[in-house]
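Chemist: Okay, handing you the structure first.
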Amino acid sequence: MAGPRVEVDGSIMEGGGQILRVSTALSCLLGLPLRVQKIRAGRSTPGLRPQHLSGLEMIRDLCDGQLEGAEIGSTEITFTPEKIKGGIHTADTKTAGSVCLLMQVSMPCVLFAASPSKLHLKGGTNAEMAPQIDYTVMVFKPIVEKFGFVFNCDIKTRGYYPKGGGEVIVRMSPVKQLDPVNLTDRGCVTKIYGRAFVTGVLPFKVAKDMAAAAARCIRKEIRDSYVNIQPVQEPKDQAFGNGNGIIIIAETSTGCLFAGSSLGKRGVNADKVGIGAAEMLLANLRHGGTVDEYLQDQLIVFMALANGVSRIKTGPVTLHTQTAIHFAEQIAKAKFIVKKSEDEEDAAKGTYIIECQGIGMTNPNL
């Protein structure tokens with residue numbers, strides 16, 4: 001697909017892998033040739049890392065595109081997309097690079113393919129600096145499906161830092177268009193639940209301690225809440241390596257979902273891991289928003305593509321979200337307005353409304 005190349009500065013704003021994910025996904029969807037320069041320029045190890053490379057190669061293969069400059073450490077790539085196709089698409093970070101971030105870049109694209117897709121993703125399922133697969137399934141999935149599509153996510157094996165080795169299969173069918181969403185009514189918290197897991201050689205007591213510490217911490221602030229956090233020993237054949245972590249979800253009367261999560265590290269006791277997740281959840285409940293700080297930016301591309309006006313209510317707008325908006329406006333020409341919520345209750349809490357006039361992307365194949 002010919003046309004002028006869209007020029008992206010990979011060092012601005014969030015300045016990391018997210019710029020690559022948003023810009024290449026939109027380039028692929030819109031058939032716009034792309035050049036990204038200064039990739040991760042401000043990071044301690046600039047340029048492409050293995051997980052970025054596997055994401056780029058996956059997008060290239062999704063649309064039989066051309067990709068130049070794609071090697072570890074490269075700070076500039078050019079990408080020329082062709083037609084998006086369904087079928088089986090595979091990506092392997094060969095490290096603990098996050099499978100959830102591979103989903104972020106590929107899912108919007110295969111929604112506009114000609115036929116159903118199966119994404120076979122390998123890497124870390126529960127990795128630092130990325131959503132945990134539990135978050136993707138328990139929070140991201142039910143909310144993003146409000147845009148008018150469904151997907152199936154089958155966790156074959158869990159993989160942890162530093163080895164990775166996780167495996168996830170995502171199945172989804174294409175859509176004609178995406179519906180806009182209106183997520184502005186939070187309602188009140190009706191239940192709090194989650195899972196605290198251990199895998200490999202770690203004793204089950206660690207899972208129980210994480211769950212108990214998290215529940216205690218939550219009950220201090222939300223006194224009458226029923227907190228149901230299940231301790232789980234992952235089956236040996238479904239987890240690769242040693243790890244522990246916890247995710248806690250708060251669900252509201254209007255179907256909003258908020259999460260707090262934490263992963264264990266060597267030398268950090270179980271109570272501290274549990275309390276870390278609980279405090280993150282409580283922080284996300286203190287603002288008046290309808291999505292938590294980690295869901296904000298993951299919805300921006302879908303809002304940009306949708307056919308109509310979408311609105312979401314958030315707490316403080318994160319740098320990741322500001323970055324996604326910047327590139328959705330630059331590349332897709334979607335129009336965003338971010339303003340403080342006018343609701344009196346929200347004003348004191350730093351609550352915002354993100355509104356987007358989507359471009360009404362239509363699947364040419366359907």
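Including glycine, each Cβ sits where the backbone N, Cα and C put it.
Pulled from Swiss-Prot, these are the listed features:
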- Gln104, Pro131, Tyr294, Asp297, Gln298, His320: ATP binding site (BINDING)
- His320: active site, tele-AMP-histidine intermediate (ACT_SITE)
Chemist: Among the binding-site residues Pro131, Asp297, His320, whose Cβ has the fewest other Cβ atoms within 10 Å?
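Modeler: So among Pro131, Asp297, His320, the binding-site residues given, the one with the fewest Cβ atoms within 10 Å is His320.
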Chemist: Using the recorded ATP site (Gln104, Pro131, Tyr294, Asp297, Gln298, His320) as reference, state which further residues of the same chain have their Cβ within 8 Å of the centre of those residues' Cβ atoms, listed in sequence order.
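Modeler: So the extra residues in range turn out to be Gln18, Phe140, Leu295, Gln296.
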Chemist: Among Gln104, Pro131, Tyr294, Asp297, Gln298, His320, listed as contacts of ATP, what is the widest Cα spread in Å, to the nearest whole number?
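Modeler: Those residues reach a largest Cα separation of 13 Å.
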